[in-house]
Structure formats: C-alpha cells, structure tokens
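Working notes, beginning with the structure itself.
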Amino acid sequence: MKKRKLNKELGLFDVYAISTGAMFSSGFFLLPGIAAAETGASVYLAYLASGLLMIPSMLSVAELSTAMPKAGGTYYFLDRSLGPMIGTVGGLGSWFALIFKSAFALIGMGAYLSLYVNVPITQLALILTVIFGVLNIYGAKETTLLQRILVATLLGIMTVFIIQGLSVVWGSEAKSTYSEYSDFFRNGLHGFTYTIGLVIVSYAGLTKVTSVAEEVKNPDRNIPLSMILSLFTAAIIYVLGVYIMLNVLNPEEFYASLTPVADAGKKFLSWLPGSWGVTAVVVAAVAAFASTGNAGIMSASRYPFAMSRDELISPRFSKLGKTGTPSFAITVTIILMAVVLLVFDVEAVAKLASAFQLILFGLMSLAVVVMRESKIEAYSPGFRSPLYPWVQIAGMLIPVWLIAEMGLMPVSLTGIMIVLCIVWYFYYAGEKIERQGAIFHVHERLGRKRYEALEYELMSILNEKNGEDKLAYEQVVARSVIRDISESNKLLDECTDITAEIFSGRTKKGTDEIKHELQKQYKTKTHNIGKGVVICQIGYEAITTAEMVGFRINSSVDKLSSDIDEEKHALMFLITPVEAYGLDMRLVGHLAEIVNQPSFLQRWREAKSEKQLREVLISDEHFIHLHVSENEFLNRQKGKKIGEINLPGDCLVAIIYRDDDLIIPHGDTVLEAEDELTIIGSPDAIRKLKA
C-alpha cells in the first residue's frame with residue numbers, strides 16, 4: 001500500500017510561530033528566578049550564552065531538515081544517518097521529552113489561570129490538554145492559525161513589557177535594584193555553567209519545527225529562515241526581559257519567585273488602570289504556555305507517526321484521519337500527557353527531558369557529519385551549515401559539557417531511558433528492520449558495506465521537494481526511447497551503441513563522440529535506484545534539454561554495475577545539460593519515486609509496448625491518453641496547430657501517435673482527427689481535460 005503523505009500547507013510565519021511558540025513558557029515565565037538563585041546577577045548572560053550555544057545545533061538541524069523534510073524530524077534524521085536503533089532512541093526519547101515539557105507548560109498555564117479562575121491547577125491542565133489535542137486532530141493549518149494568534153499576542157505584550165521596563169530601568173528617574181545583588185557569579189563558574197545548562201532548554205523549542213518539516217511549503221527557505229528569526233526573537237526577549245527583572249526586583253523577591261514576569265510587571269505597569277498591567281502579563285504568560293503546549297502536542301504526535309511508517313512501533317500510529325492528520329498518534333500523545341499530569345512530578349521529570357534534549361542536539365550534529373562523509377549524491381540539503389565540520393564538532397561537545405555540569409541524577413535517568421529505548425527496538429523491531437543508516441556508506445568508503453535503499457529514499461525526497469520539476473520529468477519521459485533487450489555478454493556495449501545513435505540524432509553530435517562520453521562517465525555516474533533499475537546520468541555541454549533512453553532487460557543481468565548484486569530489470573541513460581545544475585538529481589529523484597512504488601515491477605514486466613513502458617514511468621495522475629475524435633474538446637481542435645490550442649492549465653501534448661508513427665510535436669504540428677495523444681500536466685489540469 002502506498003504511504004499517505006502529510007499536506008504541505010505551512011508557510012514561513014506558520015513555521016516561525018511553531019518555533020517561537022515552542023520556546024516561550026517556563027524558560028521565561030518560571031525559570032528566571034530559579035536560575036538567578038544559582039548564578040546571581042549574571043543570569044541574563046547565562047540566557048545570552050545559551051542562545052549562542054544553540055547556534056551549532058540550529059545550523060545542523062536546519063541542514064538536515066532541508067535535506068530530509070519528513071515528519072518525525074529528530075527521529076527521521078537519526079534513523080537515516082546513524083541507523084534505526086539510534087533512530088528509535090531519538091524518536092521515543094523526543095516523544096516522551098516533549099510530552100513532559102508540554103504537560104509542564106500546561107501546568108504553568110493552569111497556575112496563571114488559577115489566579116482568576118477557581119479551578120484546581122491539575123484539572124485545568126487536563127481540560128487544556130484535551131482542547132489542544134482536538135485542535136491538532138482537526139488539522140495542521142487550523143492549529144497553526146491558533147499558533148499565529150497566540151504568538152502574536154505574546155510578542156505584542158512582551159514588546160510593551162520590555163519597552164516600558166527599559167524606560168524605567170534606564171530613565172532619568174530610574175531606581176534600579178541591580179546594586180543589591182552582591183555577587184555577579186553567586187556560585188562561581190560552576191554555578192554559571194550549571195545555569196546555562198538549565199536555561200538552554202528555553203531554546204529547545206527552536207528545533208521542534210523539524211517534526212512538521214514534511215508539511216512545510218518551500219522547506220529550503222522557510223525552515224532555516226524561521227529558525228534564525230525565532231532564535232533572534234527569543235534571545236532578545238530573554239536577555240532584555242531577565243535584565244529588567246534584575247533591575248526591578250530585589251534579590252530575595254526574585255530568587256523566590258515562580259512568577260517573576262508578573263512580579264516585575266507590578267513594579268512598572270502600575271500606570272495602567274486598575275490591575276490591567278498584571279492582567280496583560282498574565283495574558284502573555286497564558287499565551288506562552290498555550291503556544292508551547294499546543295506546539296508540543298503538534299510536534300510530539302509526529303514522532304510516533306514517522307516511527308510507525310518505518311515499522312518501529314504499531315502501524316496504527318501512521319494512519320491519517322479524515323482531516324489528513326495522524327489522529328491516533330495525537331490521541332495517544334494526549335492520553336500520555338494526561339497520565340503525566342495525574343501521576344508524575346512533572347517539574348522533576350522536566351530535568352530529564354532537558355538532559356535528553358541536549359543528547360539529541362549532539363547526535364544531530366553527528367548526523368550532519370555522517371551524511372556529509374557518506375558522500376551520498378542524493379543528499380542535497382537546500383541549506384548547508386557553514387564552517388563544516390567545526391560547527392558540528394562544537395555541537396557535539398557542548399551538550400556533553402553541559403550535561404556533566406547538571407549532576408549525576410539527570411545523567412543517570414537519561415541513561416536509563418536510552419537503555420529502555422534500545423530494549424524496545426530489539427524486542428519489537430530488531431528482526432523486522434533491514435535498513436541501515438548513512439553511516440554504512442562511511443563504512444563502505446573504508447572498504448566495508450553500504451546500504452543502497454537510503455539512496456533510493458533520498459532520491460524520492462528530492463522528488464517531493466522539487467514538485468515544480470515534475471512536468472519537466474514527464475516531458476523527458478514522453479520524449480524518451482525505451483527498447484526491449486535480451487541478456488548477452490555484450491549487453492552494455494549494445495546499450496551504449498543504441499543510446500549513442502539516438503542521442504546523436506537529437507543533439508546533432510557524432511555517434512562516436514557521444515559513445516566515448518558515455519563510456520568515460522559510466523563507471524562513476526551509475527546508480528541503482530531500486531527494484532533492479534540502474535541509471536547512468538551524464539552531464540553534457542553540447543545539449544540544451546535533458547534526454548533519456550531506457551532498456552527493459554528480459555532476464556537477470558549482473559554485468560551492469562560491479563557493486564550491485566540484485567537482479568536487473570532496466571538500464572536507463574539520462575543525459576542533461578551541464579549548466580542546469582542539480583537537474584540530473586531532481587529528474588532521478590522523480591524516477592526513483594516511481595520505481596519504488598509497490599506496483600512498479602509488475603507493471604514494468606507486463607507492459608506490451610513502448611508506449612505502455614513510458615506510461616509506467618509517469619505517475620497516473622500526471623498523464624492521459626486521448627483519441628482526438630473521442631474527446632469533445634479535442635475534436636473541436638482538429639485542423640488547428642498545436643500552438644493555437646488552449647489546453648487546460650499546464651497541459652502539454654507530449655506525443656502524437658499517427659498511424660504507425662510516433663511524432664514529437666512542435667507548435668506548428670497540425671492536429672488530425674485520427675491522432676492519439678499523450679498529454680501530461682498537473683493533476684487538476686488533467687482532470688479538467690477528462691471532464
């Protein structure tokens with residue numbers, strides 16, 4: 001059964017709202033007082049240092065997200081780079097860490113609301129969990145609309161808070177309490193580094209957008225840009241906001257406060273009528289906790305969805321509901337959150353989530369190194385981390401340092417969770433999973449083995465990322481020549497002879513010249529893209545359009561590529577213009593997506609003609625065969641030139657079958673009543689033509 005894909009409907013501001021909303025909650029509204037009690041007046045620098053130390057992880061995650069924009073984010077990256085066992089650790093660990101963090105955020109929201117609503121905090125948090133769960137089941141776009149509102153409300157109020165606070169702190173009549181803090185580093189360097197580790201989780205939400213990466217429009221631009229904007233926004237609010245708290249709250253008041261923003265607001269927002277100032281701060285806090293809880297449920301549910309698609313947990317988690325969202329995964333997520341709210345000391349467990357998150361940051365930096373060093377050509381991130389590999393080395397060392405500073409308990413509990421994840425992997429999925437990560441390609445460079453299926457999958461992801469190139473791919477297939485050929489000792493020579501002759505007729509270059517180029521590049525430019533299909537992709541300066549020649553092989557062949565053992569069913573030659581950078585891999589990505597569909601091999605073997613073979617290589621929804629005389633619209637166009645016919649949308653007449661001839665049409669080709677046409681285009685345009 002073909003896997004269903006999530007809808008791509010999240011724009012830049014949606015992604016920014018998810019990322020920013022996931023950061024603002026306990027890190028700003030609860031932690032500053034606790035953090036200040038550890039390090040003293042240097043607490044605002046701890047927030048600044050934490051933001052700077054997030055940059056290596058942010059850059060690594062942005063690169064992975066634009067190379068592999070798939071649901072599951074952290075899990076998917078670790079699984080495909082370091083293998084399914086580490087992917088299980090990352091997926092289950094991230095899922096539970098987000099559940100704990102989201103539950104903690106909703107408790108904070110309940111605490112602030114309880115100032116005005118006489119309802120127990122836990123009961124209020126349970127009600128909020130159900131509400132946000134239902135919203136997530138209804139659909140991502142509807143959820144991100146709420147996220148937009150929450151984040152806009154939060155940023156608006158916090159902007160007023162900071163501007164008013166700075167005017168009080170730096171104004172002509174300023175009465176700062178900063179001088180009352182006797183120690184800049186209250187507990188020395190250790191206390192400062194401990195505080196950095198404590199508050200760095202305030203920025204952890206920055207990377208949560210990766211779990212909805214499959215739903216992002218134009219991920220190459222929107223994911224890295226949204227992450228950069230979110231980090232910049234959060235750092236400004238954190239540093240300036242905490243600095244204001246230091247200057248308006250005395251040490252005893254600040255260190256003991258679990259509502260430092262509200263307490264600070266009382267000091268300088270009293271000019272507003274009644275208690276409006278404090279009310280505005282409470283509204284901002286509620287918006288922050290709500291956005292974190294909402295974004296947490298949205299992101300957390302995507303981890304089991306992705307793991308289920310890879311058979312690491314029950315297949316029920318990968319089923320999409322009527323609204324196109326993983327409703328079962330969301331339901332289980334909110335049930336687990338409810339259990340956490342009723343059973344666990346969430347604040348204590350939040351420390352475990354923090355330590356585990358730091359480990360995941362380090363692993364994702366390692367994943368970038370593995371993907372780069374694997375030299376997989378289909379690994380094609382739209383954003384590449386600068387200063388490689390130094391940024392990634394820093395991204396691996398920083399979490400180790402910070403976790404060590406946090407003490408024995410978080411390290412021990414994190415180790416227990418890792419062991420439990422590994423036990424689950426071997427118990428449930430170990431014998432069922434055959435795939436390996438990109439690290440096997442690094443081993444292959446050292447003379448060991450590689451895992452070809454990862455290359456097929458990355459090529460398929462290229463196809464999904466470059467949807468705008470589908471029409472170009474279909475035009476190439478429509479113009480292609482596909483022949484049947486039988487196994488022989490000179491199979492490769494026969495194929496290159498035929499290919500060179502066909503390409504020569506289309507490029508106006510000599511057959512011998514093209515054959516020489518094919519033979520020269522064959523060994524280094526040949527890939528197995530799955531299901532026994534081998535493609536040789538060649539860049540050539542003498543052409544302006546891509547061309548393809550394919551061969552259906554009638555029996556097993558083991559002479560096409562020395563490092564590939566499986567039975568071969570097809571050999572393809574793709575020639576592309578050198579100056580069209582990346583076109584070859586995008587076209588191969590589209591082909592890989594078609595080839596790896598479950599029904600491909602049977603349809604390929606059963607095709608009765610060259611026309612049917614071409615049809616197998618084009619997605620059913622992107623082409624149609626029509627007889628001019630049998631289609632009402634086309635029948636009215638007979639006698640006209642192709643260039644004069646206004647076909648629906650982006651439809652294009654790719655091939656005309658006239659008597660026994662195959663014609664590649666141009667603008668002056670006249671349509672005749674007995675013509676049979678192959679028309680390609682977008683699904684919507686094809687449907688209009690059928691109507």
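Using N, Cα and C of the backbone, Cβ positions are placed for all residues, glycine too.
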- [ ] Scan 191-213, 536-558 against TrEMBL and say which stretch is down as transmembrane segment.
- [x] 191-213
- [ ] Answer with yes or no whether the transmembrane segment (41-61) touches the transmembrane segment (225-246) by the criterion of at least three Cβ pairs under 8 A, sequence separation 6 or more.
- [x] yes
Open item on the list: Return the average pLDDT for the domain 'RCK C-terminal' (611-691) as a whole number.
Closed with: 82
Task: Cβ-Cβ under 8 Å with the transmembrane segment (324-344): same-chain residues at least 6 beyond its ends - done: 6-7, 71, 95-96, 99-100, 102-103, 106-107, 122, 125-126, 129-130, 132-133, 136-140, 297, 300-302, 304-305, 308, 316-318
- [ ] Can you tell me which of 12-35, 41-61, 149-171, 387-404, 410-428 gets the most C-beta pairs within less than 8 Å of the transmembrane segment (350-371)?
- [x] 387-404
Task: Cβ pairs under 8 Å between the transmembrane segment (41-61) and the transmembrane segment (410-428), at least three - done: no
Open item on the list: What residues elsewhere in the chain lie close to the transmembrane segment (410-428), defined as a C-beta under 8 angstroms and at least 6 residues from its ends?
Closed with: 84-85, 88-89, 92-93, 96, 312-313, 351-352, 354-356, 359, 403-404
TODO: Would you mind splitting the domain 'RCK C-terminal' (611-691) into helix, strand and coil residue counts from DSSP?
DONE: 27 helix, 22 strand, 32 coil
